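The following features are taken from Swiss-Prot:
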BINDING   Asp15, Asn17, Asp19, Lys21, Glu26  Ca(2+) 1 binding site
BINDING   Asp50, Asp52, Asp54, Glu61  Ca(2+) 2 binding site
DOMAIN    2-37  domain 'EF-hand 1'
DOMAIN    40-72  domain 'EF-hand 2'
Amino acid sequence: MADTGDMEHIFKRFDTNGDGKISLAELTDALRTLGSTSADEVQRMMAEIDTDGDGFIDFDEFISFCNANPGLMKDVAKVF
């Protein structure tokens, strides 16, 4: 699993406008970089990660997702 520093680095790369949260557009751009462009897949991931339903992924939600998906995060860390 990526360590907290790696997760913070990845979060900041996804959060392109630096507002401390990842929007649907930012998630779409990040997943496109990883080779995923399906709008349905992006929507599904957003719904899964955005546990409070505010339309954004905050750092705590991102950490929870990373901890639940360590294999995926290793792959993401290699790209970012």
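Just so you know, glycine gets a Cβ as well, placed from its N, Cα and C.
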CB within-chain contacts under 8 A for Glu61 (Ca(2+) 2 binding site), separation at least 6:
Ile49, Asp50, Thr51, Asp52
Cβ-based neighbourhood (8 Å from the centroid) of the Ca(2+) 1 site, residues Asp15, Asn17, Asp19, Lys21, Glu26 excluded:
Phe14, Thr16, Gly18, Gly20, Ile22, Ser23, Phe56
Taking just the CA atoms, what is the gap between Asn17 (Ca(2+) 1 binding site) and Asp54 (Ca(2+) 2 binding site) in Å?
18
May I ask for the residues of the chain that lie six or more residues beyond the domain 'EF-hand 2' (40-72) and have a Cβ under 8 Å from a Cβ within it?
1-2, 4, 7-8, 10-11, 14, 20-24, 27-28, 31
Shell list (Ca(2+) 2; ref centroid = CB of Asp50, Asp52, Asp54, Glu61; cutoff 8 A):
Ile49, Thr51, Gly53, Gly55, Phe56, Ile57, Asp58
Work out, from DSSP, the number of helix, strand and coil residues along the domain 'EF-hand 1' (2-37).
21 helix, 2 strand, 13 coil
Rank the binding-site residues Asp19, Asp50 by the number of other Cβ atoms within 10 Å of each Cβ and report the first-ranked residue.
Asp50
Top of the binding-site residues Asp15, Glu26, Asp52, Asp54 by count of other CB atoms within 10 A is Asp15
Residue pair Asp54 (Ca(2+) 2 binding site), Glu26 (Ca(2+) 1 binding site) - Cα distance, angstrom, rounded:
15
Please average pLDDT over the domain 'EF-hand 1' (2-37) for the predicted structure.
89
Taking each of the binding-site residues Asn17, Lys21 in turn and counting other Cβ atoms within 10 Å of its Cβ, which one has the fewest?
Asn17
